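Reviewing the structure listed below.
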4 protein chains.
Amino acid sequence: MQNKNVHEQFENMDKLSEECGVFGIYDFDGGDVASTIYYGLFALQHRGQESCGIAVSDTKGPKGKVLSYKGMGLVNEVFTPENVDIDAMKGDIGVGHVRYSTAGSSTRENAQPLVINYVKGTLALAHNGNLINAIELRKELEYTGAIFQTTIDTEVIAYYIARERLNSKTVEEAVGRAMDKIKGAYSLIVMSPRKLIGARDPLGFKPLCIGKRENAYIITSETCALETIGAEYVRDILPGEIVTITPEGGIQSDTSHCLKKEEQARCVFEYIYFSRPDSHIDGVGVFQSRMQAGRFLAIDSPVEADVVVGVPESGNAAAQGYALEAGIPYGTAFVKNGYVGRTFIKPKQSNRESSVRIKLNAMKEVVNGKRVIMIDDSIVRGTTSDRIVGMLKEAGAKEVHVRISSPPFLWPCYFGTDVPAREQLIAYNRSVEEICQVIGADSLAYLKIERLKEIVNNLDICSGCFTGKYPLEPPKEDIRGEYQK
Amino acid sequence: MQNKNVHEQFENMDKLSEECGVFGIYDFDGGDVASTIYYGLFALQHRGQESCGIAVSDTKGPKGKVLSYKGMGLVNEVFTPENVDIDAMKGDIGVGHVRYSTAGSSTRENAQPLVINYVKGTLALAHNGNLINAIELRKELEYTGAIFQTTIDTEVIAYYIARERLNSKTVEEAVGRAMDKIKGAYSLIVMSPRKLIGARDPLGFKPLCIGKRENAYIITSETCALETIGAEYVRDILPGEIVTITPEGGIQSDTSHCLKKEEQARCVFEYIYFSRPDSHIDGVGVFQSRMQAGRFLAIDSPVEADVVVGVPESGNAAAQGYALEAGIPYGTAFVKNGYVGRTFIKPKQSNRESSVRIKLNAMKEVVNGKRVIMIDDSIVRGTTSDRIVGMLKEAGAKEVHVRISSPPFLWPCYFGTDVPAREQLIAYNRSVEEICQVIGADSLAYLKIERLKEIVNNLDICSGCFTGKYPLEPPKEDIRGEYQK
Amino acid sequence: MQNKNVHEQFENMDKLSEECGVFGIYDFDGGDVASTIYYGLFALQHRGQESCGIAVSDTKGPKGKVLSYKGMGLVNEVFTPENVDIDAMKGDIGVGHVRYSTAGSSTRENAQPLVINYVKGTLALAHNGNLINAIELRKELEYTGAIFQTTIDTEVIAYYIARERLNSKTVEEAVGRAMDKIKGAYSLIVMSPRKLIGARDPLGFKPLCIGKRENAYIITSETCALETIGAEYVRDILPGEIVTITPEGGIQSDTSHCLKKEEQARCVFEYIYFSRPDSHIDGVGVFQSRMQAGRFLAIDSPVEADVVVGVPESGNAAAQGYALEAGIPYGTAFVKNGYVGRTFIKPKQSNRESSVRIKLNAMKEVVNGKRVIMIDDSIVRGTTSDRIVGMLKEAGAKEVHVRISSPPFLWPCYFGTDVPAREQLIAYNRSVEEICQVIGADSLAYLKIERLKEIVNNLDICSGCFTGKYPLEPPKEDIRGEYQK
Amino acid sequence: MQNKNVHEQFENMDKLSEECGVFGIYDFDGGDVASTIYYGLFALQHRGQESCGIAVSDTKGPKGKVLSYKGMGLVNEVFTPENVDIDAMKGDIGVGHVRYSTAGSSTRENAQPLVINYVKGTLALAHNGNLINAIELRKELEYTGAIFQTTIDTEVIAYYIARERLNSKTVEEAVGRAMDKIKGAYSLIVMSPRKLIGARDPLGFKPLCIGKRENAYIITSETCALETIGAEYVRDILPGEIVTITPEGGIQSDTSHCLKKEEQARCVFEYIYFSRPDSHIDGVGVFQSRMQAGRFLAIDSPVEADVVVGVPESGNAAAQGYALEAGIPYGTAFVKNGYVGRTFIKPKQSNRESSVRIKLNAMKEVVNGKRVIMIDDSIVRGTTSDRIVGMLKEAGAKEVHVRISSPPFLWPCYFGTDVPAREQLIAYNRSVEEICQVIGADSLAYLKIERLKEIVNNLDICSGCFTGKYPLEPPKEDIRGEYQK
């Protein structure tokens, strides 16, 4: 029931949305970790911009006393001096979260980390991903007396950990038993009074890695968060692995839930768009995989042209790859307005101005009189592509050849990505030829599906949104958005 | 972890704090109830100023879809157009809450109504009171797999209703079974998808009454909320009664938890201070009981004087009673600054100004050269009484005789009132004579304990905070503030 | 262009509005004065609630360096830690202001104090009142090259002081010369780099007094502000007097603009409603003059009744006077909700609730079955009187006799009070009999015009709003609201 | 006296700051222009991020009625639905402004447009630049009775226009006469009740151009604002030209203040850094001039390397120029975090994290094992260059050769750019060799001063900040920051 602005807000740039980023830290030397989490969340902000939160605890203090603050908005909107005094959040262990969500459940109640009291004290959970059996699990829990205060899967996971804890020697054992129940995509960080635990689903949909800075250990979604805080990368958490961090044991690993390599199913869109280009996931650099996608486009869908340009920011890497492979100069055709911000009002009396124009402008010098190859990472609904192509033409481009560094979206995602309804996808019921006409390009080509594995060094991937073939049986009914209050 | 102002905030006026006010409504004609709840909460604002919330549902709509908004602050601070569009909160059934809390747990997470999903859909709960077996119940629940996200008793109650619902035919039956478990003070409103339920603990600590406006039924803490929204008073809910409101059944009553009259134990401080003077509780007018306390003071502790004045606002009624009984003129000695607001900053460079002076000022014309009887409803820590007495003396009062319309506070309350630690109570370890000296009065008298029953028409009351004799065995450890996250 | 809430806001309680309160201080001992001004403004808040501001300077520091902060809203809304750090406003001399304004010019630009740079450094001005020759003066100034950035008279005054300063030896001399130009009502405080100056218009429309606390001198609108900060009252500034405060000269007085006593024309409404009851103006207590008005009503317009009640807060003093004079018991019939605040939204879906009900409620015990005399200080439009009378009747009053402690409003005010257009005044074109019917009372009487002087100890007054006879020729066109940007 | 955050805020990226951007529009067809100004200001936001404002008027409405709103912050922070309803700002003529300022005078009072009333009605002024004779002019004005409420030069200009208007037939004539008085840098837009006027100082320091969209004419700082709103570029306003736009006369030009071409002195830093790369100033593309600077660096200061990278965003264009000229591949070495925002808090407990790391990260793949040429547009204090170089080395760069696409800063600017005190400039008292050591680079070279004219097609420029040779005699005392209140 958060009020929406009375003015219509401008549409976004027609991109998919990641659902979360997680960051946990345990400083054995006892330093206060809240500020480090705060900086880490800045580095993960691209993974979720709707809400964020930090929870910390003092492992030497009263058992399970957690200080937390959560709110709607960006990290620098939520963690202001007026709202919260980060310096007063004392603790040597903590967890943070940034979140995006589908429209309906974008409420404060659903912000994370989720902090709970249970039989053994307190847990704070931060979770990235989507369970596919959440409805069944909720029903099962409700039939044994559970109540739910949020609509996030994290609450389901918390319940199972709490319940399995009654039969487990340790909290990490309870996490493992909970993993026997839950199905789907999850990269999970659990802060217990004395332990920091990271767990990644057996298929490895979402990234999760370990870092170290002096005597502090970090678990987080992306390596870029490690670099931002000056930590060194230790390793990725394996798909299916549970990692427990304690001063006594350092990094302890439980790999009993790990599958065979070929059963893994990393979300390939993490490489194509979601993750920051300076991150590495499971040993593969995101920037490199985008460059490689561009190279494959140059090989598979060549066209004569004078300049290769990327749609900022995410199209730039592939454009550079294309340019190198094709031997055509790379150029910067667009200026992006960095001051626009996430949302701004659209006055009613405005009728000639477009949001795309405010965010992007094309530079005549670069494209005037030229044949241009324009690289973007994806087309979802196609609501802005025609305007961007049009901008190049107005700036004098003789031809605009569009190359997309991923295959066409055709299917929903059940594992944590917010794909619009099929009817809204431009590729649904349209040939590439038809899409090319819609966006007004002179030619259009997508990355071939068979190239997907190649751009990630032949890691095993999930490409369900392109192929409709999912590594796990999707739920029969579309569950996304079901548990909206 | 809400940030506190960087400047020290001014202390309050040395009064006890009520913990909550509740308001529920079911409009059988289908009108939108959110705005009525909003107005009702204004009338209950004196019962709690730290947070408030509204939850509504449409009984004809999708089962259990609840729209809610909660926040920290007063009703007019939380329900602003920027925060929430009340008109968009469509529903014919709803519940609202205002809350005060002890310092530690004054967090957004603890704001009410508590909205939960459980096996039968959705419940919204609003609760006033304090359970004395909350810790045992939490432990019991945790040992069967419960997790807690707040530190409020409402969550414990919600769990028991949810669990007992599995074995009950109706939700009101589940409420009754939950009442078998919980012990202490509670006036509870439960909104289920198709029913509005009110329940009052068997001892009747906290008030709860029923009203009606056209085809809408209201359950709320005080009758003043009924008058504010233009509803007529129907009756009080009996101690121990469960009332279920449905279009089919009207008001249905379950009195199986009711006790004998003499086992009831209404909080007498509701009459002395908490409730609004225009409210009636269980047939006794609050204003009248305060007038009566003043009359008893005049009878039991007479003194010669020229004028009787009350410390605004709560001392005025007793002052009028005293004046009438004693035949001494009633006067208005104090001007209260209505613009000060709940909190304001105290600059560090300020050292001569006092918060009492800003809130109150004495009028020379009324007291200059006179012997003054000053009536207040209570003295808690005694931190402001000396300043108020001093104000009268500076304004020229020859004598100041203080009369308090309640007995001295000596004991903690376990049933929902925030009494400071004993060491902070001015009456702890001090005789009346000594207190008189501390506050600089010429004489001091309190209401006699035996008068308490008389001022409420011989209703059965709890006077534990004055006597240390509680109607229910208090918990062994002081549980208040235990479950602070 | 401040945005209005999207929801209609509730109407106010049908009272006139004062336009300003002023507060100046010079601490010869060098203490920081910002916090004292802040507290003083709290005590003046009833004189203006739309904007407020503080400006301070260090007389030992760089000449004319002024630190100031102004904003829209109440003192505790504007001076929050987020907005401004009062402790960082270092200075031993300063001036503060609270402001009400007619709708159109309620903008941030018009907030005071007005801080200007001119040929001799810096001036900060705080002004209460209204000039009647402002338009002519503005035109005159503009024809000699002046530009205006606000629509407040203060800017006109500032210009004349600045210009006359060129021909004057001292700033106070320039203030005197400016007073030769300006006509109308003004109580003015001017802070120059080394002097604090207070000036009151020759007719003395608006109050202005001097106080002292240790080695600090205060000039302010009302004595209640002195008491709030713990200062002692020294004396009122005379109508027409200019007072200059410096460490060398103490209080220096220039009475060359003073008129004969019988030419003075204090605003009588300061006594009837505007000023706080604990203030004294020119030696007459506000509370006493209200009591006296009540007594006259009892003498001039007696009626048999069982209880006398006041409409809070401003009707209470006159009600006590009436009760004493008539020998009828005084009672408290209304409970006022102190949490409503200045503004709150009125949801569109609300149609049964009224703002009066939310702010006031009547107590049955006090009026049920009784003949009630209800005293109010004034009726302006009459938009709420009928509801308040109706409230008493619903609460069981057999008869309601309304007595108003001022004569009927019939004429505009040109001297700083915001009286609605004549057509909106209930007394315009209606006999007392007719008004009585409109508000549903059993009888109605106003204070007689000839009593006005008597209630203020025969001080000379302006009663233009009641009589249409003004002590200064009013401007030909209605100038109020003219200079709206 | 705006409160600074209690936490230290992170330092910026060591860049100079432009002081303003201006935007005016007159729609002869009567469309509401406020929303167009709003979009235009987004496109100018890089020119000033501290405050912004819009003023509009209806040329068919009451003469000189202006609606305006100004505030501290970015366009999307100030123009929110809570603050102001843009749709209610009706008008067919208007002017907008974005502002940066040196620390001291960053106050709401100084926000623009400045709206004044004067003898002929209302004027709204928006100004970019800095006068060098402002102090003399202020003194002159004060000695003839002027008062000042801001510390901005715009107020001085407004005074002269108002005064000269008394002796002028038209407002544009008065603008011309005011230009005879004022000296320095200014691009000025004046909105009178019926005319939109643009004026550019005779030396042409700051850009100002004209655009057209259907029947509406626009005057603005940069051509990118024209493209953003879909207007076409008409021409630049000449240095010294006054342009008056009316429905009757279209664009009327007064060139009587124009100088000979070689006397002009465009700020070359507009090309190097301030203006957006997609803008053109006086016929020269900003992107092209940066590319050209990069080419000259490659010619004048070649070095063997494997990759050329730019420091985002402003170094990218020069890096592309260098890469093309040198035949070395261009690469993207840095990821810039677009979510950091203008300001964010730095918790006290943070001691290891740096602001640079949060804003920028280097990509190993691109630089590991390589000799890198890193292009930046300027080094001011040098506070971040060492960290950026360090970042590349940590990412594995074998060598880092820094090339700066402007000469070293050595002198203050008196014409509207905020250059730090000389002692803070890294080039002050240091040789290029020494700077190279400070920043830890393997080699360092700056653009040669003689190249400056070449990169802007031999337009006449001001390069005072590099050479100390100014086109106008600078004031004897440093006046910047003088008129701080």
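Even glycines carry a Cβ here, placed using N, Cα and C.
Bear in mind that TrEMBL entries carry predicted annotations, made automatically and left uncurated.
TrEMBL lists A:20-248 with the feature domain 'Glutamine amidotransferase type-2'.
Around A:C20 (active site, nucleophile), the C-beta neighbours below 8 angstroms that are at least 6 residues distant in the chain are A:R47, A:G48, A:H97, A:V98, A:R99, A:Y100, A:Q112, A:A126, A:H127, A:N128, A:G129, A:S221, A:G416. Taken from TrEMBL, the feature active site, nucleophile applies to A:C20.
The [4Fe-4S] cluster binding site annotation in TrEMBL covers A:C267, A:C413, A:C462, A:C465. DSSP assigns A:C465 ([4Fe-4S] cluster binding site) to a helical segment in the three-state reduction. Around A:C465 ([4Fe-4S] cluster binding site), taking its Cβ as the centre, 25 other Cβ atoms fall within 10 Å, counting all chains.
If you look up TrEMBL, you'll see A:S314, A:D376, A:D377 marked as Mg(2+) binding site. Counting every protein chain shown, 26 other Cβ atoms lie within 10 Å of the Cβ of A:D376 (Mg(2+) binding site).
Here the domain 'Glutamine amidotransferase type-2' (A:20-248) returns a mean pLDDT of 94 for the predicted model. Around A:D377 (Mg(2+) binding site), the same-chain residues six or more apart in sequence whose CB sits under 8 Å from its CB are A:I272, A:Y273, A:R290, A:V311, A:S314, A:G315, A:A318, A:I404, A:S405, A:S406, listed in sequence order.
In this structure, A:D377 (Mg(2+) binding site) belongs to neither helix nor strand by DSSP; it is coil. Using a 10 Å radius centred on the Cβ of A:C462 ([4Fe-4S] cluster binding site) and all shown protein chains, the other Cβ atoms total 27. Set side by side, the binding-site residues A:C267, A:C413 differ in how many other CB atoms lie within 10 angstroms of their CB, and the most is found at A:C267. Apart from the site residues A:C267, A:C413, A:C462, A:C465, the chain places the Cβ of A:F205, A:V268, A:F269, A:F415, A:G416, A:T417, A:S463, A:G464 no farther than 8 Å from the centroid of the site's Cβ atoms, the recorded [4Fe-4S] cluster location. The Cβ neighbour count for A:S314 (Mg(2+) binding site), using a 10 Å radius over every protein chain in view, is 22.
A gap of 17 Å separates the Cα atoms of A:C465 ([4Fe-4S] cluster binding site) and A:D376 (Mg(2+) binding site).
Annotation note: A:C20 (active site, nucleophile) sits in a strand segment as assigned by DSSP.
In three-state terms derived from DSSP, A:S314 (Mg(2+) binding site) belongs to neither a helical nor a strand segment and is classed as coil. Distance from the CA of A:D376 (Mg(2+) binding site) to the CA of A:C267 ([4Fe-4S] cluster binding site) is 19 Å.
Note: the Mg(2+) site is recorded as A:S314, A:D376, A:D377; in the same chain, A:K15, A:I272, A:Y273, A:G310, A:V311, A:G315, A:A318, A:I375, A:S378, A:I404, A:S405 also have Cβ atoms within 8 Å of that site's Cβ centroid.
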